[in-house]
């Protein structure tokens, strides 16, 4: 009976007309007030409850509160900027625990911002944020406040490291000033977590923090980075002409949104017949880009967008911009001052692991205090998203519990990251989180929910599949 209720509810949601949410393009909340430039970094410029309910897989989830903050930040050049960050409070939240989750937005379009895409009623184009919300549910179920910054900022600068890192740090500064309405302690422990494109933000935040946000040293307890993106060129080479070729035009346009000289040169040298195709990289969120650009050859083949191919990346403006936003090429002054946990699949065909080995060697040679590297020999990019998540959650739990971190550097290669030590509870909570999101259960420690069983859910999914085939 429970399964039938869930099935009927889900079907009504799937086939109902989407709720009306204002796009960031027309929502005045995203526009900073006059004179905001004089505000301090991390200062809250505007505050509101999220217009729509938080949702996962386009199904509302029950949390106690959620807010959006407009926060003073800056771009790569130090120019004033205002970014939106979302704060989610679960039931029975622990005001001393905050996780800053950097979603894998991977788009050069502000309508792909997490603050918009995580709400019930968001368009189907926001599917990547809705899927990413699955990984946030277990954190909420553990009582952590979760913060999701629109780290690409108002210009949608996908791939731009400093913009993303600064926005992440400024959003954390802002959240630690919300005690009056959120209850979050100003001395709360804060951890960062991101996968793939989210590691551009979390990774750069970790490297910028010692100089850009020294005051956060007492709060930050570590960063978990999965599918660690540290070399934009390597990802372009790995994905050109593949199913994930859409990452390339999205990233090129994200860089162009921040660097005018890069944009000017890029559109000067693109083959005229492909100029419109390249511009489409500003129109699609990640899911749409994968579909639209599937198997396109941007740098290779007879129908490549750029006649020079990869040789174009050696031009001064291209080389300077791309290498300047790749952590692989950053010097010792970018060494993180907080514990780092990296989990990565050996078979990753989108974010190749050799460059991650390079960053591991560099940071360890330079004397990083704590760097734990979990390499999964059985999994690649897509499967490690799920397989590595319980390891990340386990590592985050240990940080919040005050357990000792790795001293210096430690790299372990396992057949699967499911065998990461002490992962059993985390695995159960992770998959329970997925179940809770599907059944719209109240989230928070100690909350009793009327959930369907796992076998019931399996049957429900099978029934849904048959239903869709019959209509």
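Every residue gets a Cβ built from N, Cα and C, even glycine.
Under a cutoff of 8 A between CB atoms, and with a sequence separation of 6+ in the same chain, the neighbours of residue 196 (active site, charge relay system) are 104, 106, 226, 227, 229, 350, 351, 381, 385. Residues or ranges marked as active site, charge relay system by Swiss-Prot: 196 (among others).
Annotation source Swiss-Prot lists active site, charge relay system at 348 (among others), citing similarity to another entry. The number of other Cβ atoms within 10 Å of the Cβ belonging to residue 348 (active site, charge relay system), over all protein chains shown, comes to 24.
When secondary structure is read from DSSP and collapsed to three states, residue 112 (disulfide bond) falls in the helix class. For residue 112 (disulfide bond), the same-chain residues lying six or more positions away in sequence with a CB closer than 8 A to its CB are 105, 106, 125, 126, 128, 129, 156, 285, 286. Annotated disulfide bond per Swiss-Prot: 112-285 (among others), in sequence order.
The number of other CB atoms found within 10 A of the CB of residue 364 (disulfide bond), across every protein chain shown, is 15. Look at Swiss-Prot and you will find 364-409 (among others) tagged as disulfide bond, backed by similarity to another entry.
Feature annotation from Swiss-Prot assigns N-linked glycosylation site to 231 (among others); the stated evidence is sequence analysis. Using a 10 Å radius centred on the Cβ of residue 231 (N-linked glycosylation site) and all shown protein chains, the other Cβ atoms total 24.
Within the same chain, the residues at least 6 positions away from residue 319 (N-linked glycosylation site) whose Cβ sits under 8 Å from its Cβ are 313, listed in sequence order. The feature N-linked glycosylation site is assigned by Swiss-Prot to 319 (among others).
Per Swiss-Prot, N-linked glycosylation site is recorded for 422 (among others), and the stated evidence type is sequence analysis. Within 10 Å of the C-beta of residue 422 (N-linked glycosylation site) there are 12 other C-beta atoms, taking all protein chains into account.
Taken from Swiss-Prot, the feature N-linked glycosylation site covers 451 (among others).
What Swiss-Prot records for 1-16 is signal peptide, and it gives sequence analysis as the kind of evidence.
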Cβ-based isolation winner (fewest other Cβ atoms within 10 Å) among the disulfide-bonded residues 285, 409: 409
Secondary-structure category, per DSSP, in which residue 319 (N-linked glycosylation site) falls: helix
